[in-house]
Amino acid sequence: MSKSESPKEPEQLRKLFIGGLSFETTDESLRSHFEQWGTLTDCVVMRDPNTKRSRGFGFVTYATVEEVDAAMNARPHKVDGRVVEPKRAVSREDSQRPGAHLTVKKIFVGGIKEDTEEHHLRDYFEQYGKIEVIEIMTDRGSGKKRGFAFVTFDDHDSVDKIVIQKYHTVNGHNCEVRKALCKQEMASASSSQRGRSGSGNFGGGRGGGFGGNDNFGRGGNFSGRGGFGGSRGGGGYGGSGDGYNGFGNDGSNFGGGGSYNDFGNYNNQSSNFGPMKGGNFGGRSSGPYGGGGQYFAKPRNQGGYGGSSSSSSYGSGRRF
């Protein structure tokens, strides 16, 4: 990366995915539009490596996060006569999480301490946008706080901006933040990722994006077989309406080895958060789902993502 392309802020935070492009849109016309809001250090329309035909999405990278914010605040955008959908680009690592491409206005905040009040959450998260609702979850029987909360914003971009940040400190303690998905959204994440053909905002670089032929496979990756939002329990935050612990009603969805990505021992509230009954995370091409924070582990044989490979799918072109 050249000096001019390495400002203080990480590149991932300065990058936008642009979906819904006209097939007539070129790198030049995309650049011409988005450089109205700042200096672009990179701009590319993703194309099929064989036919060179546009895949209908691209990426623009600004010199500063401030310019990204300006572009997002200028929505809606129309490029070559077509309204396009800009979103904060999702990193390679984050793109493996179910629902990473979904547009939501609510976040899950885990690992918060018992003395954390609503004002602590508001004071921290209002820097990202207008907050509509804050819910600190408590045990229905004892009234004791359960160590997590939900925050709802008025704009999905606030959520997108928050989740690409790796570290958040609320009330003096580090916490973990994820998009909050309802049952239907989890099911959508399970089914839609099987053949997205590159329409998602997964893409860290010039090459792959998330698209391709059958990515995320039909062999159990996030679908059926006890995956996140799988078949038996349907997934969802708070299966029976009482918070975060009801991920699959039978423990099959979102199982793990005792914690949600190692940031909170939510399983002590419910057996539903325990080991999976459904086998492996990611079917045949990755390791076990749970245990020691493996839930978000990168699949082995990962290929295509963000590179120049023609397969553009996870698993080095393997099809399930």
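Keep in mind that glycine also has a Cβ here, set from the backbone N, Cα and C atoms.
What Swiss-Prot records for Lys113 is SUMO cross-link, and it gives similarity to another entry as the kind of evidence. According to Swiss-Prot, the feature domain 'RRM 1' maps to 14-97, an assignment based on sequence analysis. The feature domain 'RRM 2' is assigned by Swiss-Prot to 105-184, with sequence analysis given as support. Summarising the annotation, Swiss-Prot assigns N-acetylmethionine to Met1. Sequence annotations record features per position, and here Swiss-Prot assigns N-acetylserine to Ser2. Annotated phosphoserine per Swiss-Prot: Ser4, Ser22, Ser199, Ser309, Ser312 (among others), in sequence order. Under the heading dimethylated arginine, Swiss-Prot lists Arg194 (among others), citing similarity to another entry as support. As annotated by Swiss-Prot, omega-N-methylarginine applies to Arg194 (among others), with the evidence given as similarity to another entry. Residues or ranges marked as asymmetric dimethylarginine by Swiss-Prot: Arg206, Arg218, Arg232 (among others). Annotation comment: Swiss-Prot describes 4-94 as region 'Globular A domain'. The region 'RNA-binding RGG-box' feature in Swiss-Prot is assigned to 218-240.
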Specify the count of other C-beta atoms within 10 Å of the C-beta of the residue listed as 'SUMO cross-link'.
13
Among all the protein chains here, how many other CB atoms are within 10 A of the CB of Ser22 (phosphoserine)?
18
Rounded to an integer, what is the Cα-Cα distance in Å between Lys113 (SUMO cross-link) and Ser22 (phosphoserine)?
48
Mind tallying the domain 'RRM 1' (14-97) by DSSP state, helix then strand then coil?
24 helix, 33 strand, 27 coil
Secondary structure content of the domain 'RRM 2' (105-184), with strand meaning DSSP E or B:
21 helix, 32 strand, 27 coil
For the region 'Globular A domain' (4-94), what is the mean per-residue pLDDT, to the nearest integer?
95
